[in-house]
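In what follows, a single structure is set out as structure tokens and then discussed.
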Amino acid sequence: MTKFLGIFIVLGIGIGIGISTKQQWITVFYGVPVWKNSSVQAFCMTPTTRLWATTNCIPDDHDYTEVPLNITEPFEAWADRNPLVAQAGSNIHLLFEQTLKPCVKLSPLCIKMNCVELKGSATSTPATSTTAGTKLPCVRNKTDSNLQSCNDTIIEKEMNDEAASNCTFAMAGYIRDQKKNYSVVWNDAEIFCKRSTSHNGTKECYMIHCNDSVIKEACDKTYWDELRLRYCAPAGYALLKCNDWDYAGFKPECSNVSVVHCTTLMNTTVTTGLLLNGSYSENRTQIWQKHGVSNDSVLILLNKHYNLTVTCKRPGNKTVLPVTIMAGLVFHSQKYNTRLRQAWCHFQGNWKGAWKEVQEEIVKLPKERYQGTNDTNKIFLQRQFGDPEAANLWFNCQGEFFYCKMDWFLNYLNNLTVDADHNHCKNNAGKGRSPGPCVQRTYVACHIRSVINDWYTISKKTYAPPREGHLQCTSTVTGMTVELNYNNQNRTNVTLSPQIETIWAAELGRYKLVEITPIGFAPTEVRRYTGGQERQKRVPFVLGFLGFLGAAGTAMGAAATALTVQSQHLLAGILQQQKNLLAAVGAQQQMLKLTIWGVKNLNARVTALEKYLADQARLNAWGCAWKQVCHTTVPWTWNNTPEWNNMTWLEWEKQIEGLEGNITKQLEQAREQEEKNLDAYQKLSDWSSFWSWFDFSKWLNILKIGFLAVIGVIGLRLLYTLYTCIARVRQGYSPLSPQIHIHPWKGQPDNAGEPEEGGRTGKSKSTH
């Protein structure tokens, strides 16, 4: 009894478990707010209507919609971990190539030239060194009694004339067997010469870049002015933005995240050392370190409260002359009536206050990010050495490349009177009117060069000489790109860095480009009905695209109930973005100016279409086309189960990321089997199968099957009979059958005790 009771208990428990644990099936959801990092090519929008802008970017729609997301997301600002920042470096370089496009090879000019230094009418009175008690010229801060106000006249008094030489050379021109003499004016910084050996000061010179394999000169001088643009995500993609107050270029968990279609307008000014005209500036100083710890690549965003600006000028006029060497080779030279004055840049605003705040922010850095001195008086700003672009403040002003030596201004910020090697000058007299390197000034001398080192590729480019007339540009200084260096003297050097990529990290570092993956999997208790199904066609509503991702921070259950609307948002956004891009490509084709960026825009459109078609193809392969919630016949065999009321789709996707391959494979196999079953069902219901019963070959097959069945039955009967016989033989002889009846003798005497003949019996005979 106890044994049977235990069996019933076990069966009861099993039935209870079976009732409480229902079978779950894989369900496909389309329209879930899930994404992954992407490196797809973004496209640009711009409000500028110049030719370059209209042939490379689509017109700005002025849509700055931003939808907050209740999630946490990692962000990284530098190019090696942020594809959007890496794209900016490549794209802005293309902008340079198209607007200041070198196209004429200058290798024939790598020959010996006879050069004579240009002499002008300007005087060359040596400048006197600044001594204690002498007022420093040209400083805006009127609160300091030792400083005076500034104007252009005061600055230009300390600017020397441009050092240049008139060079002549002979080479074959139109007539190849005869040489012709040509004359070209070079800046002294662009040639190297032997010592003068003649009485008239003629020197043998060569181009300083003669050893370079490819040197080209710009075809035309293109006027360069400010171009602002914004990056936009292609259809099917989005931009996430980190809005955390303490974001410093790297944060594993940014909690204040929003989704946008495009970035804010960014500037395309390329500089070394200082950030000009940046789009991101606040009333505070921020220090960004690469990957959160590096001191080799540091971005300092300056406080906009100090109104930091820089005004650069190139005074005077200039005449540009074309020198035709041969057919198809025209070199633009310049002719001086007198030697021109140097260009210069004047730094305005409260730079001392801004630099003091930078020093204070540096010492506040955590110990794992900064191990230098905590004494702000021992933190100094200095410049680098090496290439001219690294050793100087390098930037482009109205199409001309300025190289400005920062020593005077750095001395002013550091309150020192030293040279670039931190040595005090015994005699601070310079050449000509310019003072020596150990003075403090709020302005610096600049040179304009035609041969520059390319900032994106390892090459050099030669551009046309500076344009005629007066050059001037004013820029807002929004940051600095630096390196933090420590030494044994308990001193921290903040060294201006030529890393151009840091500029784009400052502009785009708060954004990340993501690909929307709207297909999700989760277990439900609903199994697909495998009968005939009608395909439902749905027409999307024209709704906001960013609203689709707005549900990223909500629970899975709440998001799943709105999948129809979310998928419509997604499709409507894709269609609208495609329409905008198609209009841009059409405009570019009309102008016959499908530039490199135009091709990128076209590629972005094709990528979006491919992505949408790929998603639909996957859904169709599982039998889920045009469905927002698609139940399947595939059982859910894994232990993972979602918390529909507490878990977001992003969190759930991270749990099952490794299972997606198995899930999709099983869905494809189930769909294939379902198609086979449906095909067999359709064949049974087909009228053409009725006539197949009159096929003679089919009847032969039926007879064959029947004959084999009869043979099988007979064989089984024989085996059974044989088995029965063998079983009886093994049991031995059987006893007499109890059915045989023995009749007794009626008059048998009692012969007990008398011996009888054994076993003899007989019938009695009657006697009369």
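Using N, Cα and C of the backbone, Cβ positions are placed for all residues, glycine too.
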Swiss-Prot annotation, disulfide partner of Cys115 among Cys44, Cys57, Cys167: Cys167
Annotated stretch (region 'V4', per Swiss-Prot) among the listed ranges 60-102, 361-403, 404-446: 404-446
Of the residue ranges 1-22, 287-308, 573-594, 683-704, the one that Swiss-Prot records as region 'MPER': 683-704
Using Cα positions only, nearest of the recorded positions to Asn662 (N-linked glycosylation site) (Asn70, Asn200, Asn283, Cys345): Asn70
The region 'V5' (489-496) [mean pLDDT, rounded to integer]: 86
Residues from the same chain, set at least six apart from the ends of the region 'V5' (489-496), whose C-beta lies under 8 A from its own: 272-274, 358, 362, 372-373, 375, 378-384, 393, 406, 480-483
Cys397 (disulfide bond): secondary structure state under DSSP, collapsed to three categories: strand
From recorded positions Cys115, Cys262, Asn374, Cys404, Asn493, the one whose Cα lies nearest Cys44 (disulfide bond): Cys262
Helix, strand and coil residues within the region 'V5' (489-496) as assigned by DSSP: 0 helix, 5 strand, 3 coil
Residue among glycosylation sites Asn70, Asn200, Asn374, Asn493 with least C-beta crowding, 10 angstrom cut-off: Asn200
